[in-house]
Amino acid sequence: MAQQEAEILRPLANFSPSLWGDQFIKNDSDAKVRYIFHYVDYTNLSMLTATGTKMVDTMNLIDTLERLGVSYHFEHEIEEILQQFFNLNTDYNDEAYDLYTVATHFRLFRQHGHRITCADIFGRWRDENGKFHEGLKDDAKGLLSLYEASYLRTRGETILDEALDFTTASLKSIAPNLESPLRRQVEHALVQQLHWGNPRIEARNFISLYEEYEDKDESLLRFAKLDYNLLQMMHKEELHEVSRWWKELDLVAKLPYARDRVVECFFWAMGVYHEPQYSRARVMLTKTIAMTSIIDDTYDAYGTIEELDIFTEAIERWNVEEMKRLPEYIKPFYKALLELYEQFEEELAKEGRSYATHYAIESLKELVRSYHVEAKWFIQGYLPPFEEYLKNALITCTYCYHTTTSLLGVESAVREDFEWLSKKPKMLVAGLLICRVIDDIATYEVEKDRGQIATGIESYMRDNGATKEEAITKFFEIANDAWKDINEECMRPSPHSRDVLMRILNLERIIDVTYKGNEDGYTQPEKVLKPHIIALFVDPIQI
């Protein structure tokens with residue numbers, strides 16, 4: 001058997017080991033201790049509802065609460081206030097409203113799904129030729145606010161396309177001459193756009209900026225720090241739970257060809273939802289992502305076509321009896337996968353939601369079928385036309401499956417939501433496009449070095465007679481247009497709750513963070529994800 005195995009030519013990728021070892025399995029005292037915080041009641045919440053408070057002041061407070069990562073405590077109050085303000089139909093052409101105020105209000109309304117138009121309210125900052133006034137370069141706060149607002153644009157909103165180009169160039173030119181904390185905020189925004197960022201990472205960054213504000217609210221700052229640390233302790237305990245589960249499965253030893261990335265998987269899940277009420281959902285999603293990663297590597301970096309034929313059939317039949325036919329190395333994984341979903345079904349049945357596991361399993365079967373197609377392309381040296389490639393690759397990007405499994409632990413997600421996702425709605429397809437093309441850009445060179453020719457970049461280059469640089473430019477255009485579609489689909493009215501829509505949005509934000517700088521931060525987390533993981537799960541904020 002050993003000799004036969006040695007003769008099998010496998011497409012091994014030689015992935016680097018985990019950066020973390022057993023660090024998060026050791027549930028040290030810091031993670032277990034419940035600090036006896038004198039947990040501050042943030043009394044300035046009264047500002048949100050106080051009679052006579054100016055709309056501008058209330059909107060600025062809402063923006064600060066959201067940036068500090070504590071707005072979830074006041075979610076219902078904020079929604080009610082924004083609806084009331086939106087219903088006022090404020091005339092933003094009034095000279096009383098400066099660029100900073102108008103752009104901030106526009107962004108906040110759009111972030112919460114309100115259909116505020118852009119052409120009417122930003123027009124007064126353009127000249128007779130339709131160009132933004134050069135004098136705006138003296139208004140750094142206004143430029144930054146407009147820059148951030150432009151990322152909430154939808155298709156056809158050319159004024160925001162132009163605003164993004166103008167503010168990006170202007171902020172880059174003036175940033176070196178600004179004073180902190182504004183300079184730091186501008187420099188960070190140019191690297192990581194607020195709307196595309198992981199809310200938890202952005203909160204930690206803004207807390208450090210807010211500390212430098214001359215007009216900061218000291219009680220609010222302390223509240224944000226305490227809240228961050230308390231949530232961090234919860235996240236560390238969850239990470240301990242999934243790390244222990246992963247260790248007990250022992251798949252790292254049994255399947256050494258696969259990536260050992262359970263910590264990074266939890267980072268992804270935390271990016272989808274960080275609030276306390278999603279604790280169960282985070283754990284469930286982490287487990288499904290970790291198992292998917294094993295499947296991905298089995299198809300991409302180990303299995304022979306004969307083995308993958310059998311494994312694909314076994315997933316399709318979803319029966320423990322299929323283990324008898326499977327190659328020995330994959331049997332423990334198959335058994336663990338079935339048992340995981342049995343546990344999910346048993347738990348969700350208690351709340352009348354066992355149907356959710358059916359949708360997740362069917363989505364996984366679809367994913368595995370597409371992995372199988374991709375593996376055959378690789379083994380056969382086949383480069384499909386771009387349209388054929390993309391149809392399959394939108395599934396193998398895994399986000400269709402992960403969007404479905406992200407709702408497993410969300411009690412408010414009902415059958416209609418899962419049915420909606422199963423039909424590949426516009427918002428989901430937009431998310432799949434972002435994931436696919438950004439992943440393709442980041443992994444192109446590595447896959448090329450491994451002899452993989454069936455890549456999106458290669459397919460597009462051949463079909464369009466394009467250079468690599470032209471293909472990459474096109475892929476970024478596809479992603480930008482897809483973001484516009486997501487922004488549109490987040491607008492009200494929607495038959496689906498914000499609770500569901502935000503899962504799709506946050507999954508796309510994880511892509512932007514993970515593949516920042518065209519790096520594959522999941523496969524090689526040292527440069528991109530490691531600093532974030534330390535900030536989120538290791539180092540508390542000093543009070």
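Using N, Cα and C of the backbone, Cβ positions are placed for all residues, glycine too.
In sequence order, Pro11, Ala13, Tyr371, Glu374, Ala375, Phe378 are the residues of the chain that are 6 or more apart from Asp300 (Mg(2+) 2 binding site) and have a CB within less than 8 Å of its CB. For Asp296, Asp300, the entry in Swiss-Prot reads Mg(2+) 2 binding site.
As annotated by Swiss-Prot, Mg(2+) 1 binding site applies to Asp296, Asp300.
For Asp439, Glu447, the entry in Swiss-Prot reads Mg(2+) 3 binding site. Glu447 (Mg(2+) 3 binding site) is surrounded by 21 other CB atoms, counting those within 10 A of its CB over all protein chains shown.
Long-range neighbours of the motif 'DDXXD motif' (296-300) within the same chain, counting only residues 6 or more positions beyond its ends whose Cβ lies under 8 Å from a Cβ of the stretch, are 11, 13, 15, 255, 257-259, 308, 311, 330, 333, 368, 371-372, 374-375, 378, 396, 398. The motif 'DDXXD motif' annotation in Swiss-Prot covers 296-300, and the record cites similarity to another entry as its basis.
Listed binding-site residues: Asp296, Asp439; maximum Cβ neighbour count within 10 Å falls on Asp439. Between the CA atoms of Asp439 (Mg(2+) 3 binding site) and Asp296 (Mg(2+) 2 binding site) there is a gap of 14 Å.
Taken as a whole, the motif 'DDXXD motif' (296-300) shows an average pLDDT of 97 in this prediction.
Residue counts for the motif 'DDXXD motif' (296-300) under DSSP, helix first, then strand, then coil, are 5 helix, 0 strand, 0 coil. Here the C-alpha separation of Glu447 (Mg(2+) 3 binding site) and Asp296 (Mg(2+) 2 binding site) works out to 14 Å.
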